[in-house]
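To keep things clear, I will list the structure first and then write my remarks on it.
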């Protein structure tokens, strides 16, 4: 029996999903969920505007440093509990019997909200990139190019979501194969952009400008406080450096998951930390005119700063936008693959929570596809909610800010529950897996927990002043209402019957 399956049985679960994933395939999905481009590219422009290049560059280093603490804490827990549903299951078993059900309830819903909103961020950013591709292919903003209106933008958003859902109804090996393509796509594409962009640009910024230049734009952001501007400039890094828990969602389908899960988590963090910093440096060095990037009369309508940087570089050298369009297609492909991976993870969490009767109509969402053995109903539930999240695109200008905040707070906030439970539990009660931190576990968990709390807090802050309907970050309201209803459900009803993960195997006699 596989070591991961053996540990699964010890925890009270029978093997239902196909255990076909190898270390490489699991790493590919984890890497694809974090993605090189999809975190950095959408928020690069706004983060650069707050405090200039130096804050952006060093912010990535600071956030990467603290992310390692979170990753190490997660890897240790993953090694001990290699189950689908991961964080939700970990929270239940690491907390005391009294608090276990409530801990798993909070964690499960935070993670579910974060992952489904994560699908929305990928769909929005993918649509934004496609909008720039269409604009440059039909001319430019100055030459009568077609800038997709809101209704078409929404159609692109919905189309991507549906495609991801369709692909996720196939056998898992199809998704794994696509994610391997995704990994190489991002590695190769990332290297091309990182190396080519500064070489193509007619002029490059000095090292002094990139590493030490601090520049605020209070006339555009309404923010005059330097510390506040720096805090907001870190958001791109905090949004980019998570998603590594995807390896944990697939542990019931991975061979030797108690070993491969932690390796995939830490490997993803390491590679993204290095590649992400290199991408930020390439973009910052290639800036031609800082103020022109945000000019609404520029070639990309001031809507997508990375697209303008690419256009300036290639048009300046070759007097056409072909190179910029090709690299934008590479970036769009990364969004597509990233959204596919997030959809896979979101469906697995909904499936796990449904298996334990924690979602209304659980009997529907926990059903597996009769042939492919994947949670297809859960996939389509996630897709439907994701589409609903995107509907305000037609009327609201700050949809991406809100969805990004909801995604980060839900996703990263879900990490905090099991990490806190691991930190406060008695050491002798922890059944360590092959990856064990020993005496370093508690201080690592403390730093990780405090960093997560800080990250969630800053995503609730206003990002532009003065605050109006067009600039209001409505994530606190959306999260407050959503989590309030979930907590009310717990107090009035769910606490009476929800016990957390439900065992579906009898260890004493081996019967289901």
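Even glycines carry a Cβ here, placed using N, Cα and C.
Taken from TrEMBL, the feature transmembrane segment covers 21-45 (among others).
What TrEMBL lists as transmembrane segment is 57-90 (among others).
For the transmembrane segment (151-171), the list of distant contacts is 119-120, 122-124, 126-128, 130-131, 178, 335-336, 339-340, 343-344, 347, 369, 371-374, 376, 379-380, 382-383, 386-387, 390-391, 393-394: same-chain residues at least six beyond its ends, Cβ to Cβ under 8 Å. Look at TrEMBL and you will find 151-171 (among others) tagged as transmembrane segment.
Sequence annotations record features per position, and here TrEMBL assigns transmembrane segment to 183-203 (among others).
According to TrEMBL, the feature transmembrane segment maps to 263-288 (among others).
TrEMBL lists 324-353 (among others) with the feature transmembrane segment. Sequence-distant contacts of the transmembrane segment (324-353) (same chain, at least 6 residues past either end, Cβ-Cβ under 8 Å): 29, 32-33, 35-38, 41, 83-86, 88-89, 108, 111-112, 115-116, 118-119, 122-123, 125-126, 129-130, 132-133, 136-137, 160-161, 163-165, 167-168, 175, 178-179, 181-182, 185-186, 189, 192-193, 196-197, 243, 245-246, 249-250, 306-307, 310-311, 313-315, 359, 362, 365-366, 374-375, 378-379, 381-383, 501.
According to TrEMBL, the transmembrane segment annotation covers 374-394 (among others).
The transmembrane segment annotation in TrEMBL covers 400-424 (among others).
Here the transmembrane segment (444-465) has long-range neighbours at 46, 66-67, 69-70, 72-73, 221-223, 231-232, 234-235, 238, 401, 404-405, 408-409, 412-413, 415-416, 419-420, 422-423, 437, 471-473, 475-476, 479, meaning same-chain residues at least 6 beyond its ends whose C-beta is under 8 angstroms from one of its own. The transmembrane segment annotation in TrEMBL covers 444-465 (among others).
Taken from TrEMBL, the feature transmembrane segment applies to 471-492 (among others).
Tallying C-beta pairs under 8 angstroms between the transmembrane segment (183-203) and each of 263-288, 374-394, 471-492 places 263-288 first.
Residues 17, 115-117, 119-120, 123-124, 150-151, 153-154, 157-158, 161-162, 164-165, 168-172, 343, 346-348, 350-351, 354, 364-368, 403 of the same chain, all 6+ positions outside the transmembrane segment (374-394), place their C-beta atoms under 8 angstroms from a C-beta of that stretch.
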